[in-house]
Amino acid sequence: MSEGDLFLISFLKVGFASLGLNEQLINNIKRYGITKLTPFQMEVIKEIKENSNVIVDSIEGTGRTISLIIGTLDKIDETKQQQEQEQQERQQTDQQFSFPQILMILPTKELSQTTKVIYSSLGGGENNNNDFKVLSCIGGVKISMDIEILKKGNTQILLGTPGRISDLFSRKRFDTDNIKILVFDELDEILSRGFECQLEDIIKPLNNNNNLQIIVSTSGINELTSNFINTFIKIPKIIKSQQEPYKF
């Protein structure tokens, strides 16, 4: 299939089997109303599942965020055995922590909240009851409220704006060792808003984890995004789409 191909694949007939998604996620996707994926979206999900560092370069409206959410959700460790063991060890002290597996940085409060809703809808268990917690941390909300939720220890997907996530990093309010996927959604927009220092504060300590997978979405690669990618992301797979915005 050529890059930017506009024809659609029937997700219900082909995509589930070819992508190897877990059954509960498939059921949630159906319930959410997604019936088709483009070849571009399928390629994004495939590369995420294969643990590649991925740069998704496409205009808005091509379904890239849905692709990121589906791909990362499929990699959640649902057994949570390691998380629960570590949490029990932490509970022997005065501090309690969450052990998020996915950390996603977004440019705006609105996008963070919208993405949280989609993660919650696609990540729910039977009858759409979440077996894990999705937390959106944004400015304008008291940070003490975020900290109280993180102390409960069940946050597996952490979303937020750069300033708030950087603040939580500096306060050491969640365990970073369990993070296996770091996502920068709309990196070009994040950098254009002047958050480069905050992104560095977030990514530098995580880069010590050799198993960390980094995923970026961007609408074009300019000097700012190119410098960031070259500095912090090892051997990324670039997936580029030139197709027109697609509506489900």
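Just so it is clear, glycine is given a Cβ too, placed from its N, Cα and C backbone atoms.
Quick caveat, the model's predicted, so the values are computed rather than measured.
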From 57-60, 177-180, 185-188, which range did Swiss-Prot mark with motif 'DEAD box'?
185-188
For the motif 'Q motif' (14-42), provide the mean pLDDT of the predicted model.
83
For the motif 'DEAD box' (185-188), sequence-distant contacts whose Cβ falls under 8 Å of one of its Cβ atoms, 6 or more beyond its ends:
65, 68, 104-107, 111, 115, 216-222, 224-225, 228
